[in-house]
Amino acid sequence: MKQDIDIDSASEKKIETESNFSFDHDESLAEDGWDKLLIFIGIFGSVVTGVASPASLYLFSKVVTALTTKSTQSSVEIFGEYVPYYLGIGSITFTLAFLQMFALKVSAHRQSRRIRLLLFKQILRQDIVWFDEQSAGSLITKLSYNIDQIEGGIGDRLGTFIQNVVSAAAAIIVSLAIGWKLALVSLAMAPVTLGSFMLLGFALRKYSAKEVAAYENAGSVASEILSSIRTVYAFGRQQMETLRYEHELGSSAKVFLIKSVLMGVGMGMIGCSLFCTTALLLWYGVELIIEENYDNGIVVSVIMSFIIGNTSLGRSLPEIEFFANAMQSAASIFSIIDRVPSIDVMGEGKILDSFTGKLEFKNVSFFYSTRPDFQVSI
């Protein structure tokens with residue numbers, strides 16, 4: 001290599017970057033006070049709304065007991081005594097449920113917008129070597145589909161999930177407070193239900209990642225074909241490219257089939273445990289009424305608590321899939337956001353006041369990152 005460089009009065013200056021790309025995952029999810037406030041309101045509303053239904057069962061047990069035992073009060077008087085309480089619970093639930101959905105959806109939209117913009121900036125920041133290993137379709141999928149998945153995982157679905165989980169926990173607490181003997185029988189079936197949830201969670205965690213990757217590959221192939229449609233027509237490769245895209249879709253279909261089977265088994269086990277436990281509670285509840293003078297309202301309320309608890313857990317099942325997809329999408333997106341390229345165009349550097357020189361390269365060889373076995377010489 002021959003080089004002849006003259007530098008006159010060179011001085012160093014810092015090149016200031018237009019923006020600082022250091023990234024904190026926590027800051028992306030709650031960048032300012034408004035987001036933190038919205039998240040707090042949404043979670044608070046979810047918790048209180050989840051507690052409302054199980055807590056009302058205490059009043060329900062009193063109503064059932066009053067109606068099924070001899071009393072000097074008429075049915076109208078009994079209902080009139082508890083109607084204001086139910087109206088109050090309904091009003092509070094309406095207000096907080098609205099705030100729950102509104103706050104979390106607005107917060108999720110604000111965060112997804114910031115993440116999408118930050119991802120786009122980081123993509124433009126990367127070096128050519130990195131782009132050689134990526135496909136345009138995969139990057140477009142990350143900017144659209146994957147970020148939409150994240151928004152779904154941190155939005156109103158998060159509030160619904162918290163609400164249902166809190167409702168299930170509150171149902172257990174209320175049932176133990178009302179009639180602990182009967183409640184313990186329902187809790188004895190908990191391992192079966194937990195096992196069903198574990199099976200379901202395993203299926204969603206493992207196969208959601210594979211499903212997201214399969215759809216990214218399919219989207220990449222479709223983008224590649226459509227962006228070069230003139231070449232495809234020129235060489236008459238319509239049929240071959242269709243088969244290629246069909247193969248990628250087939251991979252995602254296989255993953256989806258396995259995940260669906262495991263989800264079906266898990267849901268079936270949950271439903272079976274629900275009805276079997278209800279039958280057991282009905283039988284043991286009658287025994288407690290006969291032998292230990294249990295109030296009718298206690299038995300009915302404990303059974304209702306069990307049903308509400310299991311139903312709430314069942315409603316939270318679909319949300320787990322969205323959370324799994326959101327986590328997998330976030331992992332692929334944040335890996336790009338956190339990546340600092342070896343040649344960083346946004347990093348700090350030096351600028352020379354004047355530069356005059358001549359560079360001549362001879363006998364230079366290199367390898368492309370995508371073809372490490374092929375040497376290029378210039």
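For all residues, glycine too, the Cβ spot is worked out from N, Cα and C.
Note that this is a predicted model, so its numbers are computed, not measured.
Checking TrEMBL for transmembrane segment across the ranges 118-137, 298-317 points to 298-317. Against the transmembrane segment (158-178), the recorded stretches 37-60, 85-104, 184-204, 261-286, 298-317 differ in Cβ pairs under 8 Å, and the greatest number is found for 37-60. Same-chain neighbours of the transmembrane segment (298-317): 50, 53-54, 57-58, 60-61, 64-65, 160-161, 163-165, 167-169, 171-172, 174-175, 178-179, 182-183, 186, 193, 197, 200, 266-267, 270-271, 273-274, 277-278, 281-282, 285-286, 288-289, counting only residues six or more beyond its ends whose CB sits under 8 Å from a CB of the stretch.
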